[in-house]
Amino acid sequence: MLEKVKNIIVVLSGKGGVGKSTVSTQLSLALRKNGFKVGLLDIDLCGPSVPYLLGLEGRDIFQCDEGWVPVYTDESQTLAVMSIGFLLKNREDPVIWRGPKKTMMIRQFLTDVRWDELDYLIIDTPPGTSDEHITVMECLKEVGCHGAIIVTTPQEVALDDVRKEITFCKKTGINILGIVENMSGFVCPHCTSCTNIFSSNGGASLANYAQVPHLGTLPIDPRVGVLAGSTTSVLDELPDSTTAEVLTHIVEKLKTIFVS
């Protein structure tokens, strides 16, 4: 039930392990800090990490007459979360499903969850361009997907997959809001200097080549990793960090694009 959702944004990545879920959760927290009501939908059925990243593991979801009730992170209900992780008895349990069953579950997440009035719904997708992505696009045809943020790392093998992601967006008519380059350099936890351990600026070069916005470059920052397992925003804990700067830039960009 997406009728009360004003803006829907999908977060995509060409490969797994690029930090897409971390970007999704911290973006959701940053939007909430800016006064927006936010929903975060984790449709990475085989690797749901959002409950862990937000410290919500073990929380239960319930059904009401209007559908599933998402898990809220706060009493004010400013951030609602739904993930298959809430349906698994143990975090280690694998989801061994064929395509049709995955498709059915994603349709349920998109049509049977009682999302209240939201300014933004962030959809954290699995890596690649699979059945899950096609199902999401089909379900969003009526209400519309308002844009996609693509997360990549600077290595060439990751950038190759992002090119496929860009092609997927163009073929399905998704507006690309921009590319985020993650894990670009390592921030020393003692002196906070940044050292490039991989190549750098690949995201910016790809954004220029594809003629889409480059939203920013995020380094590997151990201080950000410590926030996993809580609902603490980087903007609160590390306001002077590069990560907070990039997230603030993305939020400001979204505020100029969308009318809340």
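Placement of Cβ uses the backbone N, Cα and C atoms for every residue, glycine included.
For G17 (ATP binding site), the number of other Cβ atoms no farther than 10 Å from its own Cβ, over all displayed protein chains, is 12. The ATP binding site annotation in Swiss-Prot covers G14, K15, G16, G17, V18, G19, K20, S21.
Residues or ranges marked as [4Fe-4S] cluster binding site in Swiss-Prot (evidence: sequence analysis): C188, C191. For C188 ([4Fe-4S] cluster binding site), the number of other Cβ atoms no farther than 10 Å from its own Cβ, over all displayed protein chains, is 11.
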Fewest Cβ neighbours within 10 Å, where candidates are the binding-site residues G14, G16, G19: G16
Secondary structure at C191 ([4Fe-4S] cluster binding site), reduced by DSSP to three states: coil
CB contacts for K20 (ATP binding site) [other CB atoms within 10 A, all chains]: 26
Tertiary neighbours of S21 (ATP binding site) (same chain, Cβ under 8 Å, six or more apart): D42, D44, S49, V50, L53, D124
Helix, strand or coil at G14 (ATP binding site) [DSSP, three-state]: coil
Additional residues around ATP, ordered along the sequence, whose Cβ is within 8 Å of the centroid of G14, K15, G16, G17, V18, G19, K20, S21: S13, P127, V151, T153, A158, N182
